[in-house]
Amino acid sequence: MSSQTIETKPNNGIIADGEATAILPTGGKHKPITVIGTEAIRGTFDELCLQQAINSRTAPGVTDLVLNPDAHCGYGAPVGCVMVSPTHVYPGPVGVDIKCSMSLLQTSLPADAVIDKPTRRALINAICERTPTGAGRGQRNAPKSRRVDEALGRRVLVEGASRGVCEALGIPPEWAERCEDSAHVGHDDSTASLALRLEKLMPQMHNFAGKVTQLGSYGGGNHFGECEVVEFGEDDRSRRVADAFGLIDGGVAFLSHCGSRGIGHQLATGQFKALQQKFDRWDIPLPGQDRELVYAPLGTPEADAYLDDMALGANFATVNHLLINALVLEAFQEVIPGVTGRLVYFISHNIARKEIVDSRPAWVHRKGATRAMPAGHHALAGTPFAETGHPILLPGNPQAGSAVMVADPGAELSCYSVNHGAGRQLGRKAAKRALDQREVDASFDAADILSNCRQYPIDEAPAAYKDFDEVLRSVKAAGLASEVARLKARFVIKDGDKADD
DNA sequence: ATGTGC
């Protein structure tokens, strides 16, 4: 494995072939890396990020690698990339937070219901009581009707959002149709193999009962819940699609970002360690000599174990999101009786899926990347979105807004994928050095956006992220997707200096 | 991302 050097080439070796599309050749017979991003965006990719992309592109069994405009360094592969392999699975290019995802709940409320501050404060409190934030945090005072014991926890991991699990947790079962995948199965397409795998893992699953009580919680870092006002665009097509998605112009919606919490973390790190030990023992060369890029050929016990563990974590994340949405709706109903809500969509940006790429089945690893299938895509047949394409949920930042998009046929270029958000511009330490807490808080006050935190976490401030409009411009100019609606924050739930502690 | 250092 020769690791190419990139620093001496102009533009880091990236060759533009359109306003927002480019290629990065990696030498040999390899198809080049597909790069999405305007010139301004392409300048934000640092060397390590590009080296990770090259390592990933030239790794065994990989046929396609897409680098998205929000790309930055990740574990082995960049956050913000798509890696396709018909023959291998790669745990690193799924990531440590298995099935980290976005979901959007459309309520029946008009925007003026969330104007006055006391109502928004009451909503923040009611939501925080039910859906906690923070490391280790889970359900504190869940009512008996929604308590997750060990037995139900096992069912969640094995079945995902099955009818039985939804009923046991008070989740409207029809929401399962509004999921990118409501349930994940094991390596042999059965749930039986997942049950067996979980049984085998149980002795290592420290505090399993405690971890399953994390269902219905956000965790920390960039995870959040956000009350939004939905703003449709001007053109007829986007308004028609927004209607079909069940969005309401000028209505109140709730956007959530979270993943598989402690369970997914334990499953992912367990897989990294197990595979790294085997690579050490076997002395097999790693792509770019990077231990974070361990892999397993399909059909081996190692690949089976990874696919099973990924499915267990993914099922937890799916039910976590659906329960959060059910609990958030309950919180709205406590504060504003009579309000109703429907799940618009639940879609992941950290998962490997079996899809058809270039007419053959392949594992599409999306790491900080979102599936983007347009109207008429064969995989959407029989879903509510066959005629429109499915909703794409892209968090930007509370001040610039977030976006609902829909894929265009041009998304074939990026293996039917787009970015997963704005992407970091400043590392956490750099953000703490560069940004001023009072200015950050003042900017939220000026925009009349409330938060559950006394001080907004500075490393999560909008200025720590790339310019969201430039990122969206890249996606549109590359022909991947169109904007359907913008979401403007009215209040934000984050892990931070909580007002209720 | 994470019972936020192995």
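Glycine is treated like the rest: Cβ placed from N, Cα and C.
The model shown is predicted, which means the values in this text are computed figures rather than measured ones.
As annotated by TrEMBL, active site, GMP-histidine intermediate applies to A:His420. Non-local contacts of A:His420 (active site, GMP-histidine intermediate) by the CB criterion (under 8 A, 6+ apart in sequence, same chain) comprise A:Asn68, A:Asp70, A:Val79, A:Gly80, A:His349, A:Arg366, A:Gly368, A:Ala369, A:Thr370, A:Leu394, A:Pro395.
The Mn(2+) 1 binding site feature in TrEMBL is assigned to A:Asp97, A:His223. Other Cβ atoms within 10 Å of the Cβ of A:His223 (Mn(2+) 1 binding site) number 21 in total over all chains.
The Cβ neighbour count for A:His349 (Mn(2+) 2 binding site), using a 10 Å radius and every protein chain shown, is 31. The DSSP secondary structure for A:His349 (Mn(2+) 2 binding site) is coil. Residues annotated as GMP binding site in TrEMBL: A:Asn222, A:His223, A:Phe224, A:Gly225, A:Glu226, A:His349, A:Asn350, A:Ser402, A:His420, A:Gly421, A:Ala422, A:Gly423, A:Lys494.
A strand conformation is recorded for A:His257 (Mn(2+) 2 binding site) in the three-state DSSP classification. Long-range C-beta contacts of A:His257 (Mn(2+) 2 binding site), restricted to its own chain and to partners at least six residues apart, with a cutoff below 8 Å, comprise A:Cys100, A:Ser101, A:Met102, A:Tyr218, A:Asn222, A:His223, A:Phe224, A:Gly225, A:Pro395. According to TrEMBL, the Mn(2+) 2 binding site annotation covers A:His257, A:His349.
When the Cα positions of A:Asn222, A:His223, A:Phe224, A:Gly225, A:Glu226, A:His349, A:Asn350, A:Ser402, A:His420, A:Gly421, A:Ala422, A:Gly423, A:Lys494 are compared pair by pair, the longest gap among these GMP-binding residues is 20 Å.
Highest Cβ count within 10 Å among the binding-site residues A:Asn222, A:Asn350: A:Asn350. Calculated from their C-alpha atoms, the gap between A:Ala422 (GMP binding site) and A:Asp97 (Mn(2+) 1 binding site) amounts to 18 Å. Comparing C-alpha positions, A:Asp97 (Mn(2+) 1 binding site) sits nearest to A:Asn350 among the binding-site residues A:Glu226, A:Asn350, A:Lys494. Here the Cβ of A:Ala422 (GMP binding site) has 24 other Cβ atoms within 10 Å, regardless of which shown protein chain they belong to.
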